[in-house]
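Here the structure is laid out as structure tokens; the discussion comes afterwards.
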């Protein structure tokens with residue numbers, strides 16, 4: 001049997017892939033595996049002991065943990081809903097306005113709206129805390145000028161408003177991202193398609209709804225999934241504005257702050273890395289689940305248009 | 001090759017270095033601390049005072065950042081590179097180090113007899129048999145008030161609850177000042193400056209605290225709910241939008257002269273002295289009826305212990321004995337007004353406000369914050385829950401009874417008294 005002439009092993013593929021694979025493994029896959037592993041152990045008598053799913057049983061079975069977990073998850077869902085309902089439509093609207101050829105100074109608006117996105121959370125959290133401060137903030141004075149002083153309340157200090165307020169602050173910060181992505185998608189719609197629509201008598205609003213919106217749907221899908229991942233990983237804004245206890249009365253506690261308190265501890269509470277890892281694992285699974293739903297159910301049904 | 005050369009060189013210098021030290025008969029002690037703010041005081045005042053009396057011992061104060069201290073210290077202790085002297089956090093964090101064998105037992109150190117049992121409690125095993133840190137300082141709770149405002153409105157310093165609320169009513173009626181500067185946004189103000197400040201008068205200080213740890217009293221008992229009932233009455237006297245008022249906001253409201261009374265910890269004295277443009281005074285938490293014994297929260301905050309692995313244990317013990325002496329107490333308390341020496345020998349202090357605070361030790365009984373010893377070891381954490389519930393009570397979103405019940409239920413879920 002004459003062996004078929006063997007193709008030489010293509011080493012260059014391995015070599016070219018290696019840096020990315022190595023770096024990604026070292027800084028993403030290994031820590032992730034480490035976290036999953038940590039969540040299956042407990043520290044008993046100064047030694048890490050394998051306990052199976054005991055940490056998860058405790059997270060869902062012990063009311064001291066489960067109440068906080070469900071509260072954080074509920075808050076996180078609300079946080080996400082506000083983003084989807086407010087941030088993305090506003091982003092689409094701004095992009096539609098910006099892409100209008102009659103708008104002057106569009107470059108200026110684009111930059112101004114995008115700037116908060118590149119600010120640090122610490123600055124955003126602190127600035128808004130000051131703006132909304134009932135003592136020295138500009139919000140009470142501005143509302144006084146237009147005669148709406150009676151509507152002002154210390155939003156960040158009230159259980160029923162704090163989370164929504166923080167969500168809106170986050171929307172303010174990140175509205176530039178959907179705006180930019182949709183703006184790019186709108187610009188990439190070929191002139192011929194628009195002209196054809198105009199020939200068929202479709203102009204103005206109906207042109208947006210019937211022609212442009214279907215064409216930018218894939219971008220909106222991507223934005224939704226980015227928002228989902230970002231929201232369920234959020235932590236910084238709540239931490240800088242409300243502290244690790246996510247007050248008042250845990251009303252702004254989301255998974256990120258809950259994880260932080262469990263993992264690193266807070267004040268007299270000693271950190272418990274194993275429970276922290278269990279929470280981190282749940283966050284990972286929630287995000288993974290959401291992304292899978294999007295990839296397999298939504299994205300496959302989105303129609304793509306090739307020009 | 002170069003690495004080897006470098007290692008050899010480094011080794012050489014270290015041997016030479018230590019040889020030089022041995023020749024001079026000098027011992028160098030390193031102090032681990034999170035109090036970077038105190039660096040100047042240590043370098044310019046405390047260490048020269050010690051070195052003058054103890055030739056042959058050099059002391060280096062080497063602080064790290066407060067947020068990094070515990071982690072950095074743990075790593076250094078594990079690696080064997082930690083300093084000889086270790087600044088101790090109160091209660092469980094230091095107790096853990098002692099249990100791991102990182103801190104030496106210094107129960108018999110000369111000078112420890114200068115401290116009362118309450119002072120030593122923060123750095124003792126639960127049974128009180130072994131001590132592992134010398135108590136350095138405590139902070140006292142009370143109320144700081146704007147003397148000019150009180151004079152203008154003709155208010156006498158209140159001593160009882162009745163007088164306290166009468167004073168608040170009068171300030172509110174006048175309208176020039178916000179009666180009380182406190183917010184609930186940061187949560188801990190409500191718990192620390194509120195509940196732990198006025199509470200000892202109700203649960204009778206150490207008596208109630210010990211009974212709580214032994215399980216003889218519960219947080220739902222009358223004596224423990226009563227301070228929450230008082231806090232619930234504070235709401236109308238706080239500034240507009242106090243729910244979103246942070247701790248720095250409260251400090252500024254008071255030092256700008258816009259509020260008349262500030263529920264305080266003595267650590268504010270240093271800052272307030274530099275910022276406030278008016279005369280200030282202080283009064284202890286008001287008692288329920290005239291003539292009642294008063295109790296104050298005199299919370300042990302900072303101590304110093306001996307690294308069990310120290311090679312200069314004898315010199316380090318000499319230093320600790322000095323830390324336990326009235327000499328050290330005098331310098332420390334005057335350099336940092338508001339951080340009071342725990343030494344039994346009275347310390348002469350220059351600052352009038354600090355003097356006022358410390359004078360309460362003579363007429364009132366001292367205790368520490370009720371949640372710090374033993375009771376905050378589990379989940380849910382009693383101290384953190386107390387923050388949340390105290391803020392809820394002042395915000396009026398929870399009744400005092402419901403708050404107390406929640407805390408007791410949380411405690412019951414993991415704490416079995418007497419274990």
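One-based numbering along the chain as shown.
Positions of Cβ are set from backbone N, Cα and C atoms, glycine also.
Unlike curated records, TrEMBL annotations are generated automatically.
Database features (TrEMBL):
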TRANSMEM  A:12-33  transmembrane segment
DOMAIN    A:73-296  domain 'ABC transmembrane type-1'
TRANSMEM  A:77-99  transmembrane segment
TRANSMEM  A:111-131  transmembrane segment
TRANSMEM  A:161-186  transmembrane segment
TRANSMEM  A:215-235  transmembrane segment
TRANSMEM  A:275-297  transmembrane segment
### Query
Do the transmembrane segment (A:161-186) and the transmembrane segment (A:77-99) come together with 3 or more C-beta pairs under 8 Å, pairs six or more apart in sequence?
yes
### Query
Sequence-remote contacts (6 or more beyond its ends) of the transmembrane segment (A:77-99), Cβ cut-off under 8 Å?
106, 109-110, 113, 163-164, 166-168, 170-171, 174-183, 185-187, 208, 212, 216, 220, 223-224, 227-228, 231-232, 234, 254
### Task
Quickly jot the same-chain residues contacting the transmembrane segment (A:12-33) by Cβ under 8 Å, restricted to those at least six beyond its ends, or write none.
284
## Note on the structure
Under 8 Å Cβ-Cβ from the transmembrane segment (A:111-131), and at least six residues away from its ends along the same chain, one finds 94, 137-139, 156, 169, 172-177, 179-180, 236-237, 239-241
